Amino acid sequence: MSNSRGAYRSPEHIPLLDPIDDFGDMSGQPAYPFPEEPVGDLEAHDKTQIVQKSTWKGRIWDTFDRPPLERKLLLKVDAVILTFASIKNLDQQNTNTAFLSGMKEDLNMYGNELVTSTSIWTVGYVIGQIPANLLLTRIEPRWVIPTLELGWGIATLGSYAVKSFKSLYALRFLVGLFESGFYPGIHYLLGSWYTPAEIGKRAMIFWLAGSLGQMFSGFLQSAAYNNLSGIHGIAGWRWLFIIDAIITLPIAIFGFFFFPPLPLQDKKSWWLTEDEFELARTRLQKIGRAGRKPWSWKKLKNLFLSWHTYFLPLLYVIWNNQWPQPAIGYWLKSFNSKTNPPVPGKTYTVSQINLLPLPQTAIFVVCAASFAWLSDGVFRGRRWPFVYIGAVYSLMIAAIMRTFPLYKNINTTFALYYISQIGQGAGPLILTFINELCSDDTEKRALLVAAANDLAYVVQAVAPNFVWKTTDFPRAKKGWTWSLVLNILLIVWMTAILLLIRRDNKRRRQDESEGSSQGDLHERYDGKDLDSVDGSQPATSGLTFENNRTTVLH
């Protein structure tokens, strides 16, 4: 292989379009055309540029249009990371499913105990997130993430034996604590491996694995209730926790051997070749990602003076908490009320209560996935349009659900519930947005991704006790009002962020022009001149400066 690997130009490395005309200046995200893409391996690129048109297969999954070495690298990394993603949120959903399948009656949870157990889980989750993500900047992920997964699996297994809701509370805290580093940690890991043309899809797949886990949990609980209930004297809802642990524990052990390192700061994993690992590093350097750097007072000062620190996490906090609590299960269960049933003679079995909500999840998964594919593809890396689309749709749904007659026409109510979550797919793209805007500082990136998820759950630990009370379902008028207001705030907050990015880009272009005339390029950020060589300058996703010429790496 040639030693000139640094000259390799990724298929994403193409000229920046006019940032004002194409709104790249507004978003902080580079707008890019579908490029003609070079093919071949690293050595072929050192000799010549062979160009190939982007294909329809590459539009569906980006690796199809990559050079062979890059395609092999991405295949390996995808296989490992997305395998772990496939189990995300399975445990978070099984408590709700178990509650609807007999746990409520067995543990005497007739008040707000379910919401309280979720809040206690959230406390553990909040405590561990930021420390775990910062730990990833110093210790290889294969030691951090699998260890947390192992603890999560053991605590989940213990949940099957609880005799009271107080015991459930204690175990839910431990489950939350062990799970705390997983979601923000994987998002940080995605930002440490993938380019902007790839990361949106992976972030969405990771997140949607939780929704698929919810579907799987519903099928699993239905099967457990019907086929395992009473086996060895164990209730059907308890078997779900046992099965979850059986699934989780082997995957955690698998992680100790296969979980990928961070290319810009860790040693090569045994399942990657030297060429693959060097290519992984080159790809990240081309898009301005940074590796580990020491903490210093200057670094802390830049962190606390940056508007990113205050605005970006709160964007995710607002989005996360506008999400309505799942109401369809409570609506189905309300038909079985022994006193004043809403539709006399109409009831649903436990299996129906578990299975009938699943089309809502299926529709949501398809629509959310379309957000990511469009964002990486047709929208050329822009994340912000999907925040607006989702907020407008969700506030309309909330306005309707506040006063909708739930029992007047059952089929219409089913249809409304099924389409109610179509607009809820922007979350992973918001975390991707943070990953990209903070490309040049890995500690800042880890901190803000974790802070976004952490603060979101701080609010989530408190708000449901007031606005989404279990006893208010299925109507939950306060909750739908809360969702409506937060979606309006989400639109306002996203607009403020875009204006700040536009201001920064205007300053950056001015400084680039001044630097070109002086032969010494500096960037200006929040009124401070920062030398672009020391890595302390803020990044606008995908932008770098090469030979005093702005280029986009996407």
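We number each residue from 1, going along the chain as drawn.
A Cβ is built for glycine as well, from the same backbone N, Cα and C atoms used for every other residue.
What TrEMBL annotates here:
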type	residues	note
DOMAIN	72-505	domain 'Major facilitator superfamily (MFS) profile'
TRANSMEM	168-191	transmembrane segment
TRANSMEM	203-225	transmembrane segment
TRANSMEM	237-259	transmembrane segment
TRANSMEM	302-319	transmembrane segment
TRANSMEM	355-374	transmembrane segment
TRANSMEM	386-404	transmembrane segment
TRANSMEM	416-434	transmembrane segment
TRANSMEM	480-501	transmembrane segment
REGION	509-554	region 'Disordered'
COMPBIAS	520-531	compositional bias 'Basic and acidic residues'
Among the ranges 302-319, 416-434, 480-501, the one whose Cβ pairs under 8 Å to the transmembrane segment (168-191) are most numerous: 416-434
For the domain 'Major facilitator superfamily (MFS) profile' (72-505), the mean pLDDT of the predicted model: 88
Outside the transmembrane segment (416-434), six or more residues from its ends: residues with CB under 8 Å to it: 28-29, 184, 187, 190-191, 199-200, 203-204, 206-207, 308, 312-313, 315-316, 319-320, 323-324, 327-328, 331, 357, 359-361, 363-364, 367-372, 375, 383-384, 386-387, 389-394, 397, 400-401, 404, 445, 448-449, 452-453, 541
Folded-back contacts onto the transmembrane segment (386-404), same chain, C-beta under 8 angstroms, at least six residues removed: 315, 319, 322, 324, 327, 371, 374-375, 379, 413, 416, 419-420, 422-426, 429-430, 476-477, 480-481, 483-484, 487-488, 490-491, 494
